[in-house]
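**Q** Questions regarding the structure given below will be posed in turn.
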Amino acid sequence: MIPGGESAKQAHHEKYPSGPSSVVFVGSLDSTWDLLLFAATRCLPLLLPPTNPSGAATPPVRRRSMAAMNNDLGGLGGRPATSQANPFESALYGAGPGLIRSGLGAYGEKFLGSSSEFMQSNITQYLSNPQYYFQVNSQYVRNKLKVILFPFLHRGHWTRITEPVGGRLSYKPPIQDINAPDLYIPLMAFGTYVVIAGYALGVLGRFTPEALTLQFTKGLLGWFLQVILIRVLLYTLGSGEAPLLDIVAYAGYGFAGTSLAMLVRVFWSPSYYFVLPWFSICTGVFLVKTMKRVLLGAPRSYERHPSRNHYFLLFLAVVQFPMLFWLGNISG
């Protein structure tokens, strides 16, 4: 019992008749010890953990996160945590990645496909496939050399043979078509031309690396001039769609006759002036027939101005004389 407690309570009820009964007003305490005992009895239950009726200690309540408290309160400011679902947004969220992937895939495939077709068409038009020009065998080489060196003996046609490949027409390779251009014979003929030029320089006692290099450069320059001449001729005749490697091949066939004429000159010099004109005529006839039937590929465009076209083809044949004589001249 606290001294003076009952009197203090009665005085409090008299002063505050409707006040809470749980509040105790201590009017006066006789000693310091009574004050400390009173404070301990009031504060000690606040410091000890609460107990269950069974006597076991109740685990401490964990502090909840701000997100959980926000959800309990219905979001910030009493608003719901998640807004109302948008049907268009949910649809795009579910199907958006698939639609984007399929759309970009279709667009990329279309773009790459058109680019591939464009590049393929341009490569086919100007360069074609290099492997195509080396599909040859010994029989083709023999027959092709006969056509180049003796075109008057060729009794067959001069047009190229086509075959359907992938839904469109394509020319057969040289191994299956004698009229198809190839790069094997021009390259071998050019190599033979350089070797014979070096041998002739050695026989004449004028062989030097500089002289052989000059002959090699002259051969390349002559080949390049032939390509330019044929290209300009085709463009003038209205047919500029011939692949570049086709023109390179046809321009290099002239080295076959030039190499044979140079070889004959080594053993018998006067015969050179009979053999080389013959091969010049044969090369000119071969190119004229080739340009007229193979490279043009469009008889209607050729028949629009027949007289003019004949003059151009005749000019191509006549140019072979000075060209081959210049190539066959060994300078050292």
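Positions of Cβ are set from backbone N, Cα and C atoms, glycine also.
Sharing the features that TrEMBL gives for it:
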TRANSMEM  183-208  transmembrane segment
TRANSMEM  220-237  transmembrane segment
TRANSMEM  244-264  transmembrane segment
TRANSMEM  270-288  transmembrane segment
TRANSMEM  309-328  transmembrane segment
**Q** May I ask you to check whether the transmembrane segment (183-208) and the transmembrane segment (244-264) make contact, with contact taken as at least three Cβ pairs under 8 Å and only pairs 6 or more apart in sequence counted?
**A** yes
**Q** Going along the chain, which residues at least six beyond the ends of the transmembrane segment (220-237) come within the CB cut-off of under 8 Å?
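**A** For the transmembrane segment (220-237), the nonlocal Cβ contacts are 186, 190, 247-248, 250-252, 254-255, 287, 291, 295-296, 301-302, 309, 312-313, 315-316, 319, 323, 326-327.
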